[in-house]
Amino acid sequence: MLLHIPNVLNAEQLRIVRERLDTAGDAWVDGRATAGYQGAPVKRNQQIAEHTPIARELGDVILASIERNPLFISSVLPNQVYPPLFNRYEGGMQFGSHVDGAVRVLPNGVKLRTDVSVTLFISDPADYDGGELVIEDTYGVQQVKLPAGDMIVYPATSLHQVTPVTRGVRVASFFWVQSLVRSDTQRAMLFDMDTAIQRLNATNADDAARRSLVGIYHNLLRTWSEP
């Protein structure tokens, strides 16, 4: 399931994040430092070094926002979230076609299975040319270039790339989530059911039928989840 989540960061949060990243200086390093053997040969960008104070500070802003975002919670069903990272593309930089690694290691040494990949756009799309996130999924090729503050979530199993940035600078945050539900198909079904339940809650739908659907949702989540 590929889902656009709007307005994850508000204007004030974006201003703070941009100002901190614009003045990050030597915290920006070669992005290949965090790439696996498959990604390194096709990766040309810069990243904020992992586990640095600025990465933790700005990552906490994003984590606090997604924890309060009902659309993110409903669609991703997060169990563990990898600390957000930050990247920058300019002057022809790109990231060729690749699949994200299956496992990441958290700062405390715990391994995280990457079920869902997340990109949060920090630059406004008018500020750069190119830089589309191109995702290949079961419905074909999707080109994604969202307003600043908006987020795209998609299965980490997807082949994807970032096209060359030919003008301006593209800055984004990216991270991975281990979901309570490993299967993308099952997550999508639960999301659709939860969305339908929320719509019923806003109407005068039969209360007994609504309670029955809520029970089915939680029983499916109980069956499929891996806490």
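Every residue gets a Cβ built from N, Cα and C, even glycine.
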For the Fe cation site that Swiss-Prot gives with H98, D100, which of H51, H160 also belongs there? H160
Using DSSP, would you call D100 (Fe cation binding site) helix, strand or coil? coil
I'd like to know which of these binding-site residues, H98, H160, R170, is least surrounded, judged by other CB atoms within 10 A. H98
